[in-house]
């Protein structure tokens with residue numbers, strides 16, 4: 001035991017030291033557009049839509065060992081950009097996003113962690129169970145089960161979760177661990193795979209300052225192992241702010257700053273925006289992003305302040321940042337060098353078994369909660385007492401009880417199942433986007449795992465009511481009736497799963513389910529015997545009618561009689577039975593079996609459609625084609641950046657294509673890319689921030705003799721080649 005404990009401690013200390021495959025994340029001119037449909041009282045055939053840009057040309061680079069914080073007010077595009085960088089955003093996404101110079105792929109997905117803002121966890125699992133099941137699903141096949149469990153224990157120790165390891169997660173209705181501990185569990189799920197790249201959406205949201213400090217400090221420690229960490233954060237404290245290596249400030253999708261966090265205040269001071277009093281840098285930056293000027297005497301409104309900040313970014317930072325990003329070399333080994341067979345960490349059978357065990361542990365509380373058992377027991381006893389020892393002479397009462405079976409065990413499982421997929425949609429999206437398992441293994445484990453729990457209560461109900469109500473007292477008839485009820489439960493459950501998967505909205509699915517089941521009940525043959533021909537088709541698809549026919553067949557024979565007043569009548573002639581008939585039970589059995597399969601197939605197809613829509617436009621491009629497009633795009637972009645910088649002006653036309661150095665024809669000084677970077681940002685801001693002449697035009701100044709080149713709009717060479725070399729939006733590859 002002591003040896004095992006020491007092994008876990010050793011793993012805990014070494015687990016996060018160094019990643020095997022560091023990742024350099026580069027994003028260039030990222031643009032994201034959505035269509036907003038105009039809504040009105042009247043729906044038109046041709047709906048009009050307005051395009052809105054959420055991201056407007058964001059560029060940057062994060063290297064291994066760096067932590068980037070994306071700041072900005074609500075609606076600035078932080079989460080959208082984070083989702084795009086994490087390879088989880090489809091739609092109209094333009095620009096390039098590369099990981100060690102290559103596009104996003106399934107292997108990169110396996111080495112990427114993504115922590116969402118909301119902690120999507122199973123409330124009834126303990127901390128240890130949550131992390132162990134995640135480890136079993138995500139860690140590679142090369143590790144044994146015990147090694148995966150040990151890794152989960154190591155993460156628990158590393159993140160300070162030992163004290164609450166046996167406590168359940170909890171949620172709004174179930175008391176569990178604290179918010180900070182829940183957030184650390186979410187981070188721990190991603191840290192299990194020792195990711196090279198980690199994304200976090202608002203990891204400190206809703207936490208007190210001490211807990212937030214602990215979480216960000218832990219993340220900072222993780223960067224020392226060569227990890228690349230990107231997070232969105234709303235309003236960090238001063239202490240937290242200076243832990244970030246790089247900062248990206250966004251306002252309405254526009255970048256206002258990208259660079260070292262230690263230089264951001266100097267930058268804004270150099271362009272005329274400095275706080276009048278000492279304050280938290282994050283508060284100051286959020287004020288600027290909202291268009292609030294620190295100069296109280298300024299007459300500029302918020303939009304004017306934002307426009308000035310955007311213009312300052314484009315004039316002072318944008319072009320140098322693009323050049324720096326494109327020129328940066330990647331020294332480390334690429335993550336995608338793994339074999340293609342490593343796409344899934346576990347086999348299909350292993351996924352199925354792990355998901356089945358996890359589902360049984362999580363839902364045992366839900367299926368066997370005291371209130372639900374009490375509900376079924378009370379109704380069963382009430383039915384047994386109301387129909388106490390009825391016999392065939394009371395055919396009306398007995399047939400009424402049999403039809404009640406079909407109604408109660410049609411509605412009950414239907415509404416239980418409707419909640420299944422809408423409630424698990426976030427969990428399914430989170431785990432599927434991380435490549436944890438196949439949809440088929442999840443669906444089958446969910447379906448089979450629910451069988452024993454869904455069938456126990458109707459079996460108990462049938463045992464109580466059948467013998468109390470005095471139905472046909474032999475084992476064969478009882479088992480036949482029980483089989484019919486259980487089959488009805490499974491079919492109704494399948495219908496509920498299908499409705500929940502198709503609609504994915506609890507309110508709408510509940511309304512639709514009640515309408516469908518009520519229609520089946522009314523057409524079940526008990527309430528209405530003479531159904532008009534034009535609507536009689538409902539009875540052929542009615543779960544209630546087919547179940548009712550099987551239950552009647554379990555109790556009565558065709559030549560069986562009952563006393564009707566002073567006469568003896570055939571059971572088959574009783575109105576509530578005659579319309580259904582005692583024959584054709586094989587057809588009803590076949591119809592129910594077909595429905596059993598059909599509804600579940602519909603549910604699976606609906607889930608598959610959601611998965612396809614969710615990851616639309618992701619990983620659809622062949623890998624080699626994507627690489628070719630990325631290289632071609634970068635070459636065209638480099639050329640365009642030079643032109644936009646004025647490198648094709650008369651003063652700086654002498655360009656060495658090998659060294660990318662630019663020689664001033666006036667004094668002969670060489671303006672190297674390193675010098676451009678150093679003087680363009682940070683150290684020597686003030687001498688170079690001023691522009692002569694028209695502020696809307698860009699100039700290039702020699703760093704040695706201070707001579708100005710041509711305005712780009714006045715440069716004959718620039719004008720001649722500008723149209724030919726401009727990158728069209730349609731040519732930009734979206735590489736995720």
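Note that Cβ sites are derived from N, Cα and C of the backbone, with glycine treated the same way.
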| message | Need the matching range: TrEMBL marks region 'Disordered' on one of 666-697, 698-729, and I'd like to know which. | response | 666-697
| task | Would you mind telling me which of 564-585, 586-607, 608-629 TrEMBL tags as transmembrane segment? | result | 586-607
| 349-369, 370-390, 538-558 - the range that TrEMBL marks as transmembrane segment | 370-390
| request: May I ask you to check whether the transmembrane segment (370-390) and the transmembrane segment (509-528) make contact, with contact taken as at least three Cβ pairs under 8 Å and only pairs 6 or more apart in sequence counted? | output: no
| task | State, in range form, which of 402-422, 479-502, 586-607 has the highest count of Cβ pairs under 8 Å to the transmembrane segment (509-528). | result | 402-422
